[in-house]
Amino acid sequence: MDVTIQQPWFKRALGPFYPSRLFDQFFGEGLFESDLLPFLSSTISPYYRQSLFRTALDSGISEVRSDRDKFVIFLDVKHFSPEDLTVKVLGDFVEIHGKHNERQDDHGYISREFHRRYRLPTAVDQSALSCSLSADGMLTFSGPKIVDPSHSERPIPVSREEKPSSAPSS
């Protein structure tokens, strides 16, 4: 259960001096409107918490799709180069690890590391798995699903009987 910790009411007006998201996963990636005017969101209600709407490419959050034909993982790794990434399959799991050592950027020095693990569906063909990194930093891990002929879709004809059913009426 997530519990929002609020500053006392007399400190909410001093919001700029008491930042609410000092160290979050978007540290160093720019400011939101709520960072510039935090007192507007905190005076509405003590339980109001503004959600962060970001596009999929900017969120750092993965998306997993498992449909009838394939299994796909999309993961934003824009801060990592292919040499910084390791993707491996261990049993029924795929593990994606990214790490780059401390390096200098516009704001000082930064290092990043993440580790994600996803369960592979049992129907995925593990011999045909693939992984690619797009120019905009989106890692795509995919694999086709094995189609079992006994579980394939087939139409069942509906026949009409002339006599009434013997099902009990309610």
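Glycine is no exception: its Cβ is also placed from the backbone N, Cα and C atoms.
Annotation source Swiss-Prot lists N-acetylmethionine at M1, citing similarity to another entry.
What Swiss-Prot lists as region 'Required for complex formation with BFSP1 and BFSP2' is 1-63, and the listing cites similarity to another entry. Mean per-residue pLDDT, taken over the region 'Required for complex formation with BFSP1 and BFSP2' (1-63), amounts to 53.
Annotation comment: Swiss-Prot describes Q6 (among others) as deamidated glutamine.
Under the heading phosphoserine, Swiss-Prot lists S45.
Under the heading deamidated glutamine, Swiss-Prot lists Q50 (among others), citing similarity to another entry as support.
In sequence order, S142, G143, P144, K145 are the residues near K70 (N6-acetyllysine), counting only same-chain partners six or more apart with C-beta under 8 A. Per Swiss-Prot, the feature N6-acetyllysine maps to K70 (among others).
DSSP classifies K99 (N6-acetyllysine) as strand under the three-state reduction. Around K99 (N6-acetyllysine), the same-chain residues at least 6 positions away in sequence with a Cβ under 8 Å from its Cβ are F80, D84, S111, R112, E113, F114. Per Swiss-Prot, the feature N6-acetyllysine maps to K99 (among others); the stated evidence is similarity to another entry.
Swiss-Prot lists N101 with the feature deamidated asparagine. If you draw a 10 Å sphere around the CB of N101 (deamidated asparagine), it holds 9 other CB atoms from the protein chains shown.
Look at Swiss-Prot and you will find H107 tagged as Zn(2+) 2 binding site. Over all protein chains present, the Cβ of H107 (Zn(2+) 2 binding site) has 8 other Cβ atoms lying within 10 Å.
Sequence annotations record features per position, and here Swiss-Prot assigns region 'Disordered' to 144-170.
Distant neighbours of the compositional bias 'Basic and acidic residues' (148-164): 123; these residues of the same chain sit at least 6 beyond its ends, with a Cβ under 8 Å from one of its Cβ atoms. Feature annotation from Swiss-Prot assigns compositional bias 'Basic and acidic residues' to 148-164.
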Legend entry - Integer Cα-Cα distance in angstrom, H107 (Zn(2+) 2 binding site) to N101 (deamidated asparagine): 16
Inset, instruction - Using DSSP, tally how many residues of the compositional bias 'Basic and acidic residues' (148-164) sit in helix, strand and coil. - result: 3 helix, 0 strand, 14 coil
